[in-house]
Every structure is written in C-alpha cells, then in structure tokens.
Amino acid sequence: MDYKSSLIQDGNPMENLEKQLICPICLELFTKPVVILPCQHNLCRKCANDIFQAANPYWTNRGGSMSMSGGRFRCPSCRHEVIMDRHGVYGLQRNLLVENIIDIYKQECSSRPLKKGSHPMCKEHEDEKINIYCLTCEVPTCSMCKVFGAHKSCEVAPLQDVFQGQKTELSNCISMLVAGNDRVQTIITQLEDSCRVTKENSHQVKEALSQKFDVLYAILDEKKSELLQQITREQEEKLSFIEVLIQQYQEQLDKSTKLVETAIQSLDEPGGATFLLSAKQLIKSIVEASKGCQLGKIEQGFENMDYFTVDLDHVADTLRAIDFGTDEAEEEVIEEEDQDEEESTERKEEEGKKPIFLHSFIHLLFHSTT
C-alpha cells in the first residue's frame, strides 16, 4: 500500500490516511487483527471470515470440527480469487504494518482538537450538533428538534446506536452481495466452459462429417471414371470398325475409277483390231467390278450409344434424404436393402419417404451400378 504517494496528493494527510485505512467490507477503520490477501489488499479478519463463510456455507468454522479441505472467495476490491487451505482465513498472514499505522493514527487523532465544522450541525438550530436519530421520520436530528422542534412527538434513539446498527446491516448486505457475486462468477465460468466445449464438439463432428463426404466424393469420382472408360472403349471399337470399312470402300472406289479411265481410253482407239484385243477382257473386268465385292456394312442403329444411360434419379433422391442418425439406424437400412432387392421399385419409393444415412447411401450406390 503506497501511503506516501497518496498523502502527497492530498492537502490533508490525515484525512487521506484515514481513507487508506478503511475496510472495504465494514467501511470503518480496520479492526485488528488485519489480514493481507495474496492480491495485497487488506481486510479485517472478521470481515474476511464473514465473506469466506458466505461463499463457503458448508465449510466448518473454527468453533466446530476443522474441515479437511479449504475454500475460496473473491477479494471485494479487485475480484481476485483467494484460495484458502483448511485453516480458512486464520491461515492468512497478518499485516502488522497496517495495524501499527492504525495505532499511530488513533493516537494522533486523540491528541488533536476536533475541528469546527467536522461534526454535522442542525439546519434549524445552527449551534446544535446532530446527536439523535428520529425513528419515526428516519432522519438524524438534534436534541432541540426533539424538545421544541418538528420531532417533539416522534420516537428517537441515540445516534450512535442507530449508526452502529445500520453499519452492521450494510456490512451484512455487502457480504451477501459479495457472496452472490462469487456465485454469479462461478456460473459465468461454467457457461464459458460450456461454450468452449460446444465449439470443440462442433468442430469434431464437422471434421467427421467432412471426412465421410470426402469418401463419398471419391467413390463417385471412381465410378464416374470407370463408366466413362467403358464408353470410350466402345467408341474406339466402333470407330475402328468404321474406319476399316471406309478404307475398304475407298480401295474399291479407286479400282473402279481406274477401270473407268481404261475403258474410256479403249473407246477412243480407232483401230478395230487393237480395240478387240483388249475389249473382251476389259468388259469382263467391268462386269465383275459392277457386281462389286461383298464388303461389310454397319447395321441400322450402329451409332447409337443409348445403352450406356444410367438411371440416377433414385440416387439423387437418396442423396437428398441423407440426414443425421445413429449407426444402428444405418445398419437397419442396409439390411432392409439386402432383403428386398427383388422388389427394388417399391423399395425406392419407400426410401424416398424416410431419411437415408451416409453409409446406407454408399451401399445403395454400389447396388445401383452393378
């Protein structure tokens, strides 16, 4: 506690010193013994015990059997959590420096005369000090007001008695409020822990779900590549067959074209003997060429590739029906699909009406492509 700097800042060192020696619980000068908390704030041991008992109602105090476990409470000045051992507040260290300062302060105050105006004066009777408390009106007043003034018919009590009573009541209220704040802080800590655990659990299930869908994507990509390869192989076989036919027909066309050119040249031959020497063989070749070779042909619909169509409507419906569920529910769906394969049409309609889970969808996907 930095008393020196605080005293320098104030023009009245004694008044400022008194502020530094006020207990934050009872709002009075520290009552010995004074204990110092781990956060370096001070409390009357009695006040510290009051808030400790309020925060730990099941802890046995020193008057009964000693508890084998400690407790905790929060400093009323800084809210730092103070963890106690089985001795409770009696295990806290006394602040002898503060106790000595209190003794010196009390000696100094007793040796100094009371300043004028330091005690509140009555507004109605300016020379009278306020020294009694009107219980009826619930206001402090002076003796003259009771005898001659507005409070002569009211019930009054000594000011010090009411002062001590309300001080005690306020201290109790502070203790209850501090204990209530400790309970609220505990609830906040629990809620913050719940928030953290909820985030961690959400992250875990998101990761697990993403991994399952990644497996599903891989299966779909693999099946897609397999089916595309089948189409490509069929395409290559058909194109190869057609290209062979084109080559055969092209050769036949080239041969026929040459034969036509030869025949035309023969027609231009002026000599009959020369013409007749080659005409007979030429006519025979043209007749044979006209008949043509029996080359291969493609059947009608040879170009059609519609038989590679895959019906994925029920797979799309199954995808849309994917939902969260237990492993037992997934196993039941797979077993039902195995038992009812012969009634596939009816089963597809039924599955479209209820949730399908990720494992069962993979099972259905394999069945639909086999």
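Every residue gets a Cβ built from N, Cα and C, even glycine.
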Among ranges 117-166, 167-216, 217-266, whichever one TrEMBL labels coiled coil: 217-266
Counts of helix, strand and coil residues, the domain 'COS' (267-325), according to DSSP: 32 helix, 1 strand, 26 coil
